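Database features, via Swiss-Prot:
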type     : residues           : note
BINDING  : 108, 110, 115, 156 : Mn(2+) binding site
DISULFID : 31-46              : disulfide bond
DOMAIN   : 60-210             : domain 'Cupin type-1'
CARBOHYD : 67                 : N-linked glycosylation site
SIGNAL   : 1-21               : signal peptide
């Protein structure tokens, strides 16, 4: 009898863990984000259906190139729930990424989304790194029409090694995928992470850490 109860409890635990391991299913056609609501939820509260218009499902602007006049030489134009309220609860978003010659989308992660990247113009060198302990690097040169997947939560990058502009379109599996740029987070946090900690982590002298932090 005890073994039967143990089996049932184990089965219940597995069922509960599976239930909470993914986003809940939609219970209605859509839930347009009410960005003025004071209700605090994971995402946005739903807008009054009577106030929803077609504009809640529309965005215009991906035909325009982003401004790549920056130190990295790249620009990301995001289309997520912040731009299209109708994306709320739908689990998807887009981004146009522009790369100047030798432009870089530096190593970063999306904590809440897998990314699938399509090259619209030009060629890119892309890659991602697996988790500890292997930290295996996967890289590929992509050309126009090629598609590449960056798994959720893994560090990845894109580099335009050529002399012409590159355009790519990224689809992400979250209405709000988030982004953490590794260098910015490690060396540009507010306040700074102690240079004692970073010097030991990277096995360099503190003055080198201080010099890097000064760039942020």
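Cβ coordinates come from backbone N, Cα and C, glycine included.
Just so it is clear, the model here is predicted, and its values are computed rather than measured.
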Check each residue in the chain of residue 31 (disulfide bond) that is at least six apart in sequence and keep those whose C-beta is under 8 Å from its C-beta; list them in sequence order.
44, 46, 47, 88, 89
Check the domain 'Cupin type-1' (60-210) for me and report the mean pLDDT.
97
Within 8 Å of the centroid of the Cβ atoms of 108, 110, 115, 156, which other residues of that chain place their own Cβ, given that this set defines the recorded Mn(2+) site?
109, 113, 128, 150, 154, 155, 177, 179
Can you tell me whether DSSP puts residue 46 (disulfide bond) in helix, strand or coil?
strand
Whole-number Å only: compute the distance from the Cα of residue 115 (Mn(2+) binding site) to the Cα of residue 67 (N-linked glycosylation site).
22
How many Å separate the Cα atoms of residue 110 (Mn(2+) binding site) and residue 67 (N-linked glycosylation site)?
22
In whole Å, note down how far the CA of residue 67 (N-linked glycosylation site) lies from the CA of residue 108 (Mn(2+) binding site).
19
How many Å separate the Cα atoms of residue 156 (Mn(2+) binding site) and residue 67 (N-linked glycosylation site)?
21
Please report the DSSP secondary structure of residue 108 (Mn(2+) binding site), reduced to three states.
strand
